[in-house]
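Remarks on the structure that follows.
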Protein chains: 2
Amino acid sequence: MSMKKEKPLILLSNDDGVNAKGLNELIRALRGLGEIIVMAPDGPRSGASGSITSEHPVRYYKVREEEDLTVYKCSGTPVDCVKLALHAVVPHRPDVVIGGINHGDNSAVNVHYSGTMGVVIEGCLKGIPSIGYSLCNHLADADFSALLPYIRRITEEVLEHGLPAGICLNVNFPDVAEFKGVRICRQTNGTWEKEWKVCTHPRGGEYYWLTGQFVNHEPEAVDSDHWALNHGYVAITPTQIDVTAYSIIKDLKNWKLDV
Amino acid sequence: MSMKKEKPLILLSNDDGVNAKGLNELIRALRGLGEIIVMAPDGPRSGASGSITSEHPVRYYKVREEEDLTVYKCSGTPVDCVKLALHAVVPHRPDVVIGGINHGDNSAVNVHYSGTMGVVIEGCLKGIPSIGYSLCNHLADADFSALLPYIRRITEEVLEHGLPAGICLNVNFPDVAEFKGVRICRQTNGTWEKEWKVCTHPRGGEYYWLTGQFVNHEPEAVDSDHWALNHGYVAITPTQIDVTAYSIIKDLKNWKLDV
């Protein structure tokens, strides 16, 4: 499974856009590890999930170029960025695809809404070892400095070992100054509640802002990613692209489904 | 697990928009089975995946009202539609959330891009039995008539049996006049290739349309959803919201991840 080469090719994207601090901190964490190519959205795409652009065409532009670093911005979604980078700008197949560093938590069920994990799942679907990095702090000026050595270490391990086909990593960092260590976790079971803030339009009628509170259904589960984050650990949740619910196949075969 | 009541409450959405033929055919398939509420996007949202709207507020409007049918349109994504319907318009918790009928195939890895399955996964995350229906024909005037009795039957079975927590159904129909039967399947392993059509802008520069060819990595796998569709069967792929890759947790614990 080793993908080790003289100089690894590292493809980065995110969902907070090309100007986000998290992306630039990710570049800082990885400089020197290989050749870095960035294809990031030209503005914020938080909550983009695995969305793709089908109704409009997509464009991209070079933003800057330094030794072993080329940055592009793209008019599409985070997934579009990965697809377009692989088609149009990489000199050869990347050794790793990385999403982040996200300004905000992508643990638990948030994986289903996350544009950062959209990047990562797309890299994984293309057969490339892929990692998402997120910090549980959504502020634009969040402090990412404690994350950088961990990000470098985890990325080095992925470059060294590779990842099995169809499996990627969702790495979340608690918003603390010092981490207690790293835990390998499973996705926490929970639900978003109180999701809408209602406002009244100046010309009448109501509009709704998506917000909400995450309710953890298993706060005591020590193997869950939320437990790790709540206790000061870096949470690595390995994530798979096969979403088949194998456990129910046998039961479903007994349903009366023919007409 | 039974959710049976006197008159089930059925919440519908889709990603092709409130005016799509597939949605109206879905209503036709389900009329008489219960009270139907539709909250659908006000235009096409193909490829919306599980995306949510975070940068703008969202609005909704009533479109029409008949006995046991109320239709709303919403400015947001398919997932927004489900979240907003549950918050703002349903008289009580729905018995089932249904996405579709999608104009196009949502089998195999397409589940990761699908706005239809965004609807379904959101219903499932909210603890409601949820089903996605898709036809392997993306044309606006596709013929859905052969699907209707199957959709009614499958929906009745879900209303009767419920579904386990965290599991929903992804139902795809082949584009044939008559189905050979129903198969319970797993997600096919494959990749999208040749994904971009490049065009030149009248004022110079290139733009890119997302397109592509799906390459099935296991065309002979008789338990896969693509095999079923390619052989004329209705493919039901049970789908889960826990995407943890449990198989790799033990190996990852041996990685050198501390710094």
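Residue positions begin at 1 at the first shown residue.
Even glycines carry a Cβ here, placed using N, Cα and C.
TrEMBL does not curate its annotations; it predicts them automatically.
Take the divalent metal cation site that TrEMBL assigns to A:Asp15, A:Asp16, A:Asn102: the candidate from A:Ser46, A:Ser49, A:Ser51 listed for it is A:Ser46. Cβ contacts within 10 Å of A:Asn102 (divalent metal cation binding site), excluding its own Cβ and spanning all protein chains shown: 32. Mean per-residue pLDDT, taken over the domain 'Survival protein SurE-like phosphatase/nucleotidase' (A:10-193), amounts to 97. Within the same chain, the residues at least 6 positions away from A:Asp15 (divalent metal cation binding site) whose Cβ sits under 8 Å from its Cβ are A:Pro41, A:Pro44, A:Arg45, A:Ser46, A:Gly47, A:Ala48, A:Pro78, A:Gly99, A:Asn102, A:Ser114, A:Gly115, A:Thr116, A:Gly118, A:Val119, listed in sequence order. Same-chain residues at least 6 positions away in sequence with a Cβ under 8 Å from that of A:Asp16 (divalent metal cation binding site) are, in sequence order, A:Gly22, A:Leu23, A:Pro44, A:Arg45, A:Ser46, A:Asn102, A:His103. Within 8 Å of the centroid defined by the CB atoms of A:Asp15, A:Asp16, A:Ser46, A:Asn102, the record's divalent metal cation site, lie the Cβ atoms of A:Asn14, A:Gly17, A:Ala20, A:Gly22, A:Pro44, A:Arg45, A:Gly47, A:Ala48, A:Pro78, A:His103, A:Gly104, A:Ser114, A:Gly115, A:Thr116, excluding the listed residues themselves. In sequence order, the binding-site residues from A:Asp15, A:Asp16, A:Ser46, A:Asn102 that place a Cβ under 8 angstroms from a chain B Cβ are A:Ser46. There are 24 other CB atoms within 10 A of the CB of A:Ser46 (divalent metal cation binding site), with all protein chains counted.
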